[in-house]
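Pulled from TrEMBL, these are the features on record:
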- 1-32: region 'Disordered' (REGION)
- 57-338: domain 'Deacetylase sirtuin-type' (DOMAIN)
- H187: active site, proton acceptor (ACT_SITE)
- C195, C200, C221, C224: Zn(2+) binding site (BINDING)
- 349-389: region 'Disordered' (REGION)
- 358-370: compositional bias 'Low complexity' (COMPBIAS)
- 378-389: compositional bias 'Basic and acidic residues' (COMPBIAS)
Amino acid sequence: MAEPDPSDPLETQAGKVQEAQDTDLDAEEGASGGEAEMDFLRSLFSQTLGLGSQKERLLDELTLEGVVRYMQSERCQRVICLVGAGISTSAGIPDFRSPTTGLYANLEKYHLPYPEAIFEIGYFKKHPEPFFALAKELYPGQFKPTICHYFIRLLKEKGLLLRCYTQNIDTLERVAGLEPEDLVEAHGTFYTSHCTSQLCRHEYTLGWMKEKLFSEVTPKCEKCQSVVKPDIIFFGENLPSRFFSCLQSDFRKVDLLIIMGTSLQVQPFASLIGKAPLSTPRLLINKEKTGQTDPFLGMMMGLGGGMDFDSKKAYRDVAWLGDCDQGCLALADLLGWKKELEDLVRKEHAHIDAQSGSSTPNPTTAASPRTSPPPGKAEAKTTDGEKPQ
């Protein structure tokens with residue numbers, strides 16, 4: 001199994017699946033697994049080497065403004081969002097590895113063999129207590145969706161969202177108003193839980209799990225007394241079958257990829273950027289440029305077509321560098337959606353406050369966009385030892 005990814009808040013690092021993931025997928029899909037593997041290889045070679053497909057330039061310029069003009073054209077009908085930890089940090093969700101405030105730094109009392117053990121399925125089955133202590137701190141319902149989450153909802157309301165693929169397990173996409181059919185929760189979710197006994201697998205609700213966590217009782221199955229685990233993907237577990245089934249159809253017809261708040265280092269999620277048609281524009285809203293790989297190296301490692309922002313051959317990739325909320329506000333402003341987005345955030349946050357009896361704002365959610373830096377010229381900034389998302 002690959003090494004865990006550094007400091008992704010609530011990404012759980014679980015996407016670093018075993019190299020045997022393709023074998024697991026074949027087992028799940030039975031006889032169709034061979035066809036799926038051949039389709040993957042054909043797509044990989046054609047998209048990485050430019051075989052059997054034309055690189056048509058659809059953006060009139062490689063800027064945020066160029067993306068906006070494309071989004072307002074008839075050519076852009078289906079948008080896929082690929083999102084990671086960076087879209088949730090402004091909600092107050094802590095990172096994992098900051099030296100004093102990170103979650104891992106506060107787990108010493110559990111005497112873990114190493115911090116990542118808290119997300120390993122084998123360790124969890126023997127020692128579930130550390131994970132449930134952490135889960136209580138991070139439990140969905142304590143945080144509000146961010147501007148990024150509500151921008152994705154606006155895409156849905158405008159009829160543009162084909163799917164949102166998320167690495168996060170915080171359920172904030174659902175809280176923001178996305179339906180299960182709008183989502184592929186690649187690393188699982190807290191939304192449901194199951195008994196860990198393979199002979200039982202009884203399902204439990206979010207409310208049931210919350211009651212157990214906040215009463216500081218290790219959740220046990222009411223039918224067989226085995227430990228019950230939220231449906232998040234631990235190291236050593238397969239990704240949800242929905243991840244593989246949706247990508248087969250979604251990425252054949254996508255018109256635009258919007259990639260936000262992810263380091264694009266966690267596989268197989270990171271390989272999704274290479275599965276879109278060669279002409280499909282790709283917008284990255286992130287603290288730093290990421291997803292850039294040598295084409296041949298990417299092919300050999302199965303990573304698909306890497307991002308190209310700066311070379312003379314660049315024709316479809318745009319990077320907006322900075323805070324994800326600010327990037328979404330800048331994009332919404334250019335689209336003419338800024339007031340609608342801000343009103344939506346205020347309305348939904350007020351509704352959440354009314355339900356919870358609280359009025360605490362998200363810690364770092366900003367109210368206005370800053371000017372988008374020219375792609376390739378902005379410098380990434382990091383704070384508090386957090387790896388840029």
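Any Cβ shown, glycine's included, is placed from N, Cα and C.
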Q | Integer mean pLDDT for the domain 'Deacetylase sirtuin-type' (57-338) | A | 88
Q. What other residues of this chain sit with their CB within 8 A of the center of the CB atoms of C195, C200, C221, C224, the recorded Zn(2+) site?
A. T196, S197, L199, R201, H202, E222, K223, Q225, S226, V228
**Q.** Same chain, 6+ residues apart, C-beta under 8 Å of the C-beta of C195 (Zn(2+) binding site), given in sequence order
**A.** R201, H202, Y204, C221, K223, C224, S226, V227, V228
**Q.** H187 (active site, proton acceptor) and C200 (Zn(2+) binding site), distance between Cα atoms, whole Å
**A.** 22
Q) Which one of these binding-site residues has the most other Cβ atoms within 10 Å of its own Cβ: C200, C221? A) C221
**Q.** Cβ atoms near H187 (active site, proton acceptor) (within 10 Å, other residues, all chains)
**A.** 26
Q: Have a look around C224 (Zn(2+) binding site) and count the other CB atoms within 10 A of its CB, chains all included.
A: 13
